[in-house]
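Listed features, source TrEMBL:
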- 12-31: transmembrane segment (TRANSMEM)
- 43-64: transmembrane segment (TRANSMEM)
- 85-109: transmembrane segment (TRANSMEM)
- 142-163: transmembrane segment (TRANSMEM)
- 169-192: transmembrane segment (TRANSMEM)
- 212-235: transmembrane segment (TRANSMEM)
- 294-317: transmembrane segment (TRANSMEM)
- 329-349: transmembrane segment (TRANSMEM)
- 356-375: transmembrane segment (TRANSMEM)
- 381-403: transmembrane segment (TRANSMEM)
- 415-437: transmembrane segment (TRANSMEM)
- 443-464: transmembrane segment (TRANSMEM)
Amino acid sequence: MSKSIKVNVVMNLIFSASSMIFPLITVPYVSRVLSVEANGAVSFAQSVTGFAAIFCTLGIQTYGIRACAQVRDDREALSRVVRELLLIIAICTTITMVIFTILVFMVPRFAEDKILMAVFSVGIILTAFGAEWFYQATEQYVYITVRSLCFKVIAIIGLFILVRQEQDYIFYGAFIVFAASASNIFNMLRLIRSIDWSVKLPIHPLHHLKPIMVFFGNNLANSLYLTLDTVLLGFFTVGSYQLGLYQLVMRLKNVILAGMGSISNAVLPRLSYEIRKHAEVFFSLLKKTSSFSILFSGTIAIYLFFMAQDIVLLLAGSNFIESVPSMQIMSFVIISVAVSGVTGFQILTPLGKEKYMTISTTIGAIIDILLNVLLDPQLGALGASIALFAAETTITIIQLVFCRKYIRQSMDIRNIVVILISLTITAFSLGLFTKFMLRFNPFVNLLLGAFCLGTVELLILILLKENLVSQALTGVLRLLK
């Protein structure tokens, strides 16, 4: 990898790590201060507003990265693209917020949490106009990371000061919004200086609509099974208890996927740039990122499956113990998402074949909705987890079919086979270890499990000469000389 790509990946990993650490710090605290039901209410409002946010930006969050990356060396062209996309966002956000406000007062289930809905709607607006896609396209990852870290630290401090009892769940929702979206105010101010706002530059936003709508279709389908499952669970179950169980599983899943998503977010601008000029560099980079994604997701999934009970007890306490089966099912979801992240965002998107992503996610969304309707009334959070797993697996299989002609060029098949062998042996070893090990408190159990997993997997990868580990060891040895 070039130096700039390494910096991008490192910055994205730090950014994603902060997104991972924030809930890891806050979830154990709020799970014990707030009730399961209060956590469920916050999750419900967050999911409803998250679904509404899709209509504010359409597909610009992803399309904007590609469109800006392709003209980033031409300030005039870049300025024109940014202004065109912001105009589309302004129109869509205005329409969406009017409709959303009406629905909050007309739908009884939404009206129950109207204060939380209002809090999270502020995040919708800040995210819509934050233009994060511009900073990702121009690879300003140091700025993105430092800015995000500062606001997350402030949010954590504020949460511990103000969220002290069960009635403070509104403050909890506010700090979630602050941590995720308040920094976008700086994005707006910085954007004013970064591009040319001269009226002499004519804008023609309509030509963006066709590709944007393709990405919107994909984002909408994604949102249907990533956000609507929580909304449906809220409608099909009584109270917010099952929502509370499910939100714990989803927050942990999102923490893990944030780490994996940092790879796609960091390399997408470069992949979009290289595919136009250097196809061999494009496919060489893909081989490395695909191997890493499979290795990372597989390792996390194995650990999550076998250590689910201790993870739940440590993060949330015994009140959430019923979420363990859902947590174990979610471990398989992580692998599916990792593979579809490679096929979708790292292969199909840079190649301009995002319509295939839309097809796959639409089919997955339909499966997810149908299974949620069938399973949620009887199984609650467990039913929602099963539906999500079925949807993600379907999406992955369909995208692999669409990518079949690029698989050999994009993936190091021999190295992936080595990784799969290593993961199989590691899973068997950790399964035996957890079955026969002495039980201590959850924290000690998790440390012992991590040591077992890490030791076995690293030894197997070294013995089988897996490429990524071999390159890392070579680099370490050079530093020691």
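Using N, Cα and C of the backbone, Cβ positions are placed for all residues, glycine too.
Automatic prediction, not curation, is the source of TrEMBL annotations.
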Segment proximity, the transmembrane segment (443-464) to the transmembrane segment (294-317), 3 or more C-beta pairs under 8 Å: yes
Criterion met for the transmembrane segment (356-375) and the transmembrane segment (212-235) (at least three Cβ pairs under 8 Å): yes
Contact call for the transmembrane segment (381-403) against the transmembrane segment (212-235), three or more Cβ pairs under 8 Å: yes
Positions on the same chain near the transmembrane segment (85-109), where near means CB under 8 A and six or more residues out: 49, 52, 55-58, 60, 64, 67, 117-118, 121, 124-125, 128-129, 131, 133, 203, 205, 208-209, 212, 234-235
Interface present between the transmembrane segment (329-349) and the transmembrane segment (415-437) (three or more C-beta pairs under 8 A): no
Criterion met for the transmembrane segment (43-64) and the transmembrane segment (212-235) (at least three Cβ pairs under 8 Å): yes
Residues of the parent chain within Cβ reach of the transmembrane segment (329-349), under 8 Å, 6 or more residues beyond its termini: 62, 66, 249-250, 252-253, 256-257, 260-261, 263-264, 267-268, 271-272, 286, 289-290, 293-294, 296-298, 300-302, 304-305, 308, 356-357, 360, 382, 385-386, 388-389, 392-393, 395-396, 399-400, 402-403, 406, 410-411
For the transmembrane segment (443-464), sequence-distant contacts whose Cβ falls under 8 Å of one of its Cβ atoms, 6 or more beyond its ends: 299, 302-303, 306-307, 310-311, 314, 418-419, 421-423, 425-426, 429-430, 433-434, 437, 470, 473
